[in-house]
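Some notes on the structure that comes next.
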């Protein structure tokens, strides 16, 4: 990577001997400035601003005297590994001997300007696509957004808004709330003085309520696009070339139309995966795409998978009163803190959810109105519903990416994009769940989409920060996390450099009624009370004065508790800051102000008493 930059007519001038590292720092500092787009066949588009290069040199007069003679020749650039991705970037290229740019004053020959139908064409009407489209329009871009929902294996479709609003976050939390309501009545209400004769749940009424709210959100999103001056087309889109998109209006394959765009964003998200090697699975099973609009009540249900989607769905179905079994290959919630994952699973077992550990379906057969499932342990059982939640794959089928030689991870159909949302095609970007190695969370897609739009259309040099992203899992006992798990911290920093503070305790409201285990989970007639319901855990770096790098909470309202803690972690909070903070009593969250037992001490971290996270025993 020597001779990174050469100059016409004055390559020996000492003011222009820029070493490779310093130049790349300049490029990285000002990456994605709208005014200077470097066309590239590399793994990402390099954007930079001549202002910063000009001011790098002490003698500005000598620089400006030959400024018009500059001819940049960048070779073998950016081979350093991207911090977010597990692949490398190569070669920002030349065009006719010059780096191409929109308003390039650094060369004698300006790049030819093209006329496009739109400045920004967005494929995908989920959170990331809509947010990026509206942000771009707010900065004067002409924006077109395509959205089309391909039916699930069971024929389920929905409106604009993507997975989150239609078949993800929104309906999931509503059904979680309905299930939690049922659990409170069934398990605790009598002890608190409530009397009722017949507690019965109406599945159809729940689905009607959920779907009605979703439709109202679909309408508000359409209104939002219109008011933002984003043109919307309900069309199945695919790429023709790096600046051309063809589409079929409302999926009608008999008529193909095309539009051109200066930049194209792919934000098509993911869809649930059903295995091909399980006979009858694709024909007879449903996924999370179907459960929230299921017309008949699910009845006795088998959930296949150990993902957070699997546990959330099995959790609210169990809480609604259905017989639920979960078939898992190995561990649950892979990638999350495993102590917390085990606690979530234990709570679910104590509430009556059955787990088949290391046992998976091998064959599904229709038996009248039920499904006969044959398992890998040679057993079989009848179920009313089988729901697969074993993972998701990028929704890229039909986008024609292969003809453009776009880099894609073929194992999960996700587009390989860097931390700047750039693909290996200069004018094409990817945000949200469809992008490789990006957290599958709606707020992440929204933020990445907005930042990308500002870089393209507002001269911004913002870069998406993927550190300390909070998340919450809406299982019967919720789990919120931000930062590193205990296992990941050990892997990155070494066990000797990590301290883990933790406390296990009982939620106040549950302690008061001595909530009991489901009969399935009772070992004998004396094994009645549930285990401690809550866990508070801080993962800290010893050599940085116990700076907190991991926050984990298992307990009620985990999402609400975790959100504020995420801000603290981003501000580099230390354990002593928690110690010096006064908690709100009696709450579960105050436990984080009272942590003093470490895993390395070997002492018991089970708190005595029953007043939540406070000191009461």
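Including glycine, each Cβ sits where the backbone N, Cα and C put it.
Record note: among 484-498, 499-513, 514-528, 514-528 is the stretch given as region 'Loop important for the interaction with TRX1' by Swiss-Prot. Between the C-alpha atoms of residue 172 (FAD binding site) and residue 164 (disulfide bond), the distance comes to 9 Å. Here the Cβ of residue 169 (FAD binding site) has 18 other Cβ atoms within 10 Å, regardless of which shown protein chain they belong to. In this view, residue 127 (FAD binding site) is surrounded by 30 other Cβ atoms within 10 Å of its Cβ, with every protein chain counted. Within 10 Å of residue 585 (active site, proton acceptor), counting CA to CA, the recorded positions 127, 148, 163, 164, 169, 440 contribute nothing. Just so you know, of the recorded positions 172, 585, the Cβ with the fewest other Cβ atoms around it within 10 Å is the one at 585. Listed in sequence order, 126, 127, 170, 442 are the same-chain residues at least 6 apart in sequence whose CB falls under 8 Å from the CB of residue 164 (disulfide bond). Restricting the average to the region 'Loop important for the interaction with TRX1' (514-528) gives a pLDDT of 92.
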